[in-house]
Amino acid sequence: MWAKKHLLYTEATRHPFILSIRDGSVDLSSFKRWLGQDYVFVREFVPFVASVLIKASKKSDDGNDMEVILGGLASLNDEIAWFKSEASKWDVPLSNTVVHKANQNYSRFLENLMLPEVDYAVAITAFWAIEAVYQESFAHCLEDDSKTPSELQDTCQRWGNEGFGEYCRSLQKIANRCLEKASSDVLTKAEVTFLRVLEHEVEFWNMSHGCA
Ligand SMILES: Cc1ncc(CN)c(N)n1
């Protein structure tokens, strides 16, 4: 299980699409496809994060969780505004987007995680994993030896910046605290959910890269 997790985590955070941004060979039509589809994703992601906030308000034994998750919602508000301005810069229409199968599947997965019977520990683990994949992926494109094109620096900064990294570490701490106290049944569900997130992230990159 650990080896599978490790392999999938690397696949999700070092995907050929991300590596193509990092080495400057990215196909701009792939980038534009990602932009349009990710805007749709983020709009679906907001209600999921709101559902995690509701679970935190009912189930968390630490008052600080709410502030961290609220911070996440605030950053998604900025993310939506950023997508709108970036889409107009790249001439990507955001209305009437044909939602790709990988995006639809991811959205269905999030909807299932929003159900009240899903444990807080499972939902917060998914939330952390979703944000962490973007953080690690885009931070990789900002490293000193990267050749990320200047017009994509802003995109990489959006998720690769240190502040976003700090926020992901706060989510990870909450998830770890919840998992330490979880039953073995919840622990298994959290592990399976974590792997599903990684699979969906890989599928999402595949779709953007044009290999799906
Ligand atoms: C598919 C996906 N995963 C994660 C993120 C980061 N919020 C995102 N914008 N899109």
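Every residue gets a Cβ built from N, Cα and C, even glycine.
Copied from TrEMBL, the annotated features are:
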DOMAIN    2-208  domain 'Thiaminase-2/PQQC'
BINDING   ASP38, GLU79, GLU131  substrate binding site
ACT_SITE  GLU201  active site, proton donor
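Surrounding the centroid of the Cβ atoms of ASP38, GLU79, GLU131, where the record places substrate, the chain contributes additional residues within 8 Å, namely PHE41, VAL42, PHE45, LEU76, TYR134, ARG158, TRP159.
Note: the CA-CA distance between GLU79 (substrate binding site) and GLU201 (active site, proton donor) rounds to 18 Å. For GLU131 (substrate binding site), other Cβ atoms within 10 Å of its Cβ number 22. Counted over every protein chain shown, other Cβ atoms within 10 Å are most numerous around GLU201 among the recorded positions ASP38, GLU79, GLU201. Cα-Cα distance from ASP38 (substrate binding site) to the residue listed as 'active site, proton donor': 11 Å (rounded to the nearest whole number). The maximum pairwise C-alpha distance among ASP38, GLU79, GLU131, the residues recorded as binding substrate, is 13 Å. Look at GLU201 (active site, proton donor): DSSP puts it in a helix. Over the domain 'Thiaminase-2/PQQC' (2-208), the average per-residue pLDDT in this prediction is 96.
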